[in-house]
Amino acid sequence: MLELIGITKVYPGNKRAVDGVTLRMEPGLLGLLGPNGAGKSSLMRIASTVTKPTSGQVLFHGADVVAKPDVLRRTLGYLPQDFGVYPNLTSREFLGYLAAAKGLSARSAKTRIDELLQLVNLTEAVKRPLGKYSGGMLRRVGIAQALLADPQVIIVDEPTAGLDPEERVRFRNLLSDLAADRVVMLSTHIVSDVESVASDIAVVDQGRLLCRDTPEALLRRVDGQVWELVVAADRVAGLQHRFLISRLARTAAGVRVRLLSPAPPGPDWVRVAPDLEDAYLAVINFGAGQTAAVR
Amino acid sequence: MAVRDVIALTTADFRDRVRRPAYAVILLAAVALGYLAAPEGDARWVVMYIGEYRGVYNSAYTGTLIALTSALWLTLGGFYVVRNGVSRDRSTGVGQLIAATPMPTVRYLAGKFLSSCLVLSSMVGVLAVTALILQLARGEETAVEPVALLTPFVVMALPLVAFTAGMALLFETVPLLRAGLGNIVWFVVWMVVAIGGQSPDALFGGIGVHEVAASMAHSMTAQGIDMTGGGFSLGLVYLDEPLKVFVWDGLDISAGYLAGRLAMVLLALLVALAPALWFTRFDPARRHGPAPEPFMPMASGGGHHGIAAPVRPEVAAPAIRSLPAPERGGAYGRLVAGELRILVQGVSRWWWLGVLAIMVAGLALPLGAVTQFVLPVGWIWPVLVWSRLGTQRVEYGVDGILGAYPWSRRRLVAEWGAGVVLTLLTGLAPLIRMLAGGDTAGASTCVAGALFIPSLALAMGVLSRTHRLFQAFYLLWWYATINGIAAVDVMGAVRENGAPAGPGPLLVTAGAVVLVAVTLLTGAARRNVRT
């Protein structure tokens, strides 16, 4: 349905933001994970036709959307990481304008906007100008505009930033629902955003695709390599030097340390079930083809 | 510590400003103006002359010529370059970071003032080099005298750019002058300075012309040249015959003259620091008046200013998959309406009352007065609104969303259509009167003008991505029109024997078409090279 083939993006100054990435997507939710500056947003902008790649192809149902972007844009819902709104317009006016820009008929636009405002819980705020909205409310307006034209492809870049925990859960569920018969591409550096909803996870770093797998397959990569122990606080620095620490939690008895290691780090360490964050850290730090290694 | 603070702020602000395209545009315009000011000996135009004479292009004359013309240009164009030092800090959020530091407001303002002075002085420096190149290129006198060449830049141009920098800062800290209205007010101030500053009684020596004129007249008399041919003039003039030349070795700078120039710099500093009395250091809670804070595009995790009442999300949301698929079609009219709503968003009721007054005057006054006065007023009134064309998507960060929307050219055309509707609205009463009075030539020109002006605004907005270029350019254009220069009259306001004397409606419409084409091509090019 949507294919990114050999995508490379080189910015002025020879900064290679995306380096030969190939991703083929069918209906379902693809979570794009990577640290800040990994090239996720560049890749998302290329997939959404906002930026032209330096080389490579973007195909939608086989059509080249780099040459003819409107083929995809007509059926695309895109929520960029950073966006603005017209501050003196209300959400209904703003969405009305965007619906017209998408070519929706007047009747369809009205019905759709009413439903979307209800969906994103903004019905009580429709008369307020957008300049008076909070960050989370504006992000919900952004989500609503992405869904205006019943898109077949939804590309959302760091969509849950600024949302409160309840809204995050709600939005994740919404995307999961949409992904049943649409391509949904979600980028984030927060693993929990994709943990429960992604059918596929791609990890990128320094512009390169490190791996693409199902969540279960990613977990299998670090199965048996995650360990936990409560240690004295003064031991943490030494452990951080030797192992990849995935979590630290202060407790009354000391610091609960969770780390990755192919072998037991010591006699009292307890092997625990890995989660996606452990797997992600292992891929980022040790590469896709290797298991966790002692530093 | 205090000096280090100011130097750090000045340096950072200076670097940021000179890396912006507007700096290069104004600098290039200044260099081009310098080139225009010192044409070849047989050229049929002149910028500075006295009687039927101009000076030989030696160091003193070339330096003075370029210093005076560039000072005049930089007080206008330069103002629009440096007048966003504080507003940029406000819109980027840097201001709030600075506000939370112990740096006193006076030091902040001093840093901004010095930075603006540096920006404009660097342009003056480039123009001094231009003057040297022009002197050598013209070849009338190849001996270079550095002191004679540079002194006019130091004593004439630099005090004026300091004054401009101070006023720009003052305008930024007065809520009423902070936005587009300030750009228009400055144009009027500049006209007063440019004309009144040539008077012998001008405060602090004005723009410094009077002493130059007196010195040149003295030299000419000493060389036995008849002075009955006319006085000193500074401004572009076309000539029937090339001017004769005389030798001028420069201005003997008196202590009084120098004191006047120093006083101008001190005044500029006072003007720049005076806002410390009322500047609120980016605290929205201390904001006076209804002027809204500039709106910041939203970044992930960021919020907007203002107080938002919480809207609690319900966990159970309607299922999105149950929503009916939308129908398409018939959206173009709503798109134009949407663009019109965006164009006039936030415009005050007073502005609309002004439009109403223009309409009433257009319907009530005699036709002659309507074409000569009401139509020009009607087509200067929306200048701040027109200047939004082509800029708002970038200004508010909406292009982040619209970049992935289809039919980008249709949106641009819709935006242009919104501009045309607004222009027709403010010119509607004169148009009706012309049609009712059988003035079809005037009505045709009026309609063509209604196509041309928003085309110009949109093209300049899309090219520059700032309001200021159109505001400054159109004010000059409009000023020329109301002063009877028929060649630039696209309204039909300048009349000869009752008929419009300016370009015909077909030519004006063709100009509009070219501008729209430039806009569409620029938009497409921007999209193609987007990073």
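In case you wondered, yes, glycine gets a Cβ from its N, Cα and C as well.
Sequence annotations record features per position, and here TrEMBL assigns transmembrane segment to B:21-38 (among others). Tertiary proximity for the transmembrane segment (B:21-38) is limited to same-chain residues at least six positions away from its ends with a CB under 8 Å from its CB atoms, namely 45, 47-48, 57, 62, 65-66, 69-70, 73-74, 77-78, 80-81, 119, 123, 126-127, 130-131, 134-135, 138, 236, 464, 466, 468.
Within the same chain, residues 17, 22-23, 26, 29-30, 33-34, 37-38, 47-48, 115-116, 119-120, 123-124, 127-128, 130-132, 134-135, 138, 140-141, 143-146, 148-153, 156-157, 160-161, 163-165, 167-168, 183, 186-187, 190, 193-194, 207-209, 212, 234, 247-251, 468-469, 471-472 sit at least 6 positions outside the transmembrane segment (B:58-82) and bring their C-beta atoms closer than 8 Å to a C-beta of that stretch. According to TrEMBL, the feature transmembrane segment maps to B:58-82 (among others).
Non-local neighbours of the transmembrane segment (B:113-137) in the same chain are 6, 9-11, 13-14, 17-18, 23, 26-27, 30-31, 34-35, 38, 57-59, 62-63, 65-67, 70-71, 74, 78, 81-82, 85, 144, 149-150, 153, 157-158, 161-162, 164-166, 168-169, 268-269, 272-273; each lies 6+ residues outside the stretch with a CB under 8 Å from one of its CB atoms. Marked as transmembrane segment by TrEMBL: B:113-137 (among others).
Annotation source TrEMBL lists transmembrane segment at B:149-171 (among others).
Residues or ranges marked as transmembrane segment by TrEMBL: B:176-196 (among others). Residues 72, 75-76, 79-80, 83, 87, 167, 170, 202, 206-207, 289, 291, 383-384, 387, 467-468, 471-472, 475-476, 479 of the same chain lie 6 or more positions beyond the ends of the transmembrane segment (B:176-196) yet place their CB under 8 Å from a CB of it.
Long-range contacts of the transmembrane segment (B:258-279) within the same chain, counting only residues at least 6 positions beyond its ends with a Cβ under 8 Å from a Cβ of the stretch, are 104-106, 109-110, 112-113, 155-156, 158-160, 162-167, 169-170, 173-174, 204-205, 208. Summarising the annotation, TrEMBL assigns transmembrane segment to B:258-279 (among others).
Sequence annotations record features per position, and here TrEMBL assigns transmembrane segment to B:350-367 (among others). Within its own chain, the transmembrane segment (B:350-367) has Cβ neighbours under 8 Å at 373-375, 377-378, 381, 385, 425-426, 428-430, 432-434, 437, 439, counting only residues six or more beyond its boundaries.
Long-range contacts of the transmembrane segment (B:373-391) within the same chain, counting only residues at least 6 positions beyond its ends with a Cβ under 8 Å from a Cβ of the stretch, are 179-181, 183-184, 343-344, 347, 351, 354-355, 358, 361-362, 365, 412, 415-416, 418-419, 422-423, 426-427, 429-430, 446, 449, 453-454, 457-468, 470-471, 474-475, 478, 481-482, 491-493, 519. What TrEMBL lists as transmembrane segment is B:373-391 (among others).
Summarising the annotation, TrEMBL assigns transmembrane segment to B:412-435 (among others).
The transmembrane segment annotation in TrEMBL covers B:441-463 (among others).
Annotation comment: TrEMBL describes B:475-494 (among others) as transmembrane segment.
Feature annotation from TrEMBL assigns transmembrane segment to B:506-525 (among others).
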Distal contacts, the transmembrane segment (B:506-525) - CB-CB under 8 A, six or more residues away: 390, 408-409, 412-413, 416, 445, 448-449, 451-452, 455-456, 458-459, 462-463, 490
Long-range Cβ neighbours of the transmembrane segment (B:412-435) (under 8 Å; 6 or more residues past either end): 332, 335-336, 338-340, 342-344, 355, 358-363, 367, 370-371, 374-375, 378-379, 381-382, 385-386, 389-390, 442-443, 446-447, 449-451, 453-455, 457-458, 462, 491-492, 516, 519-520, 523
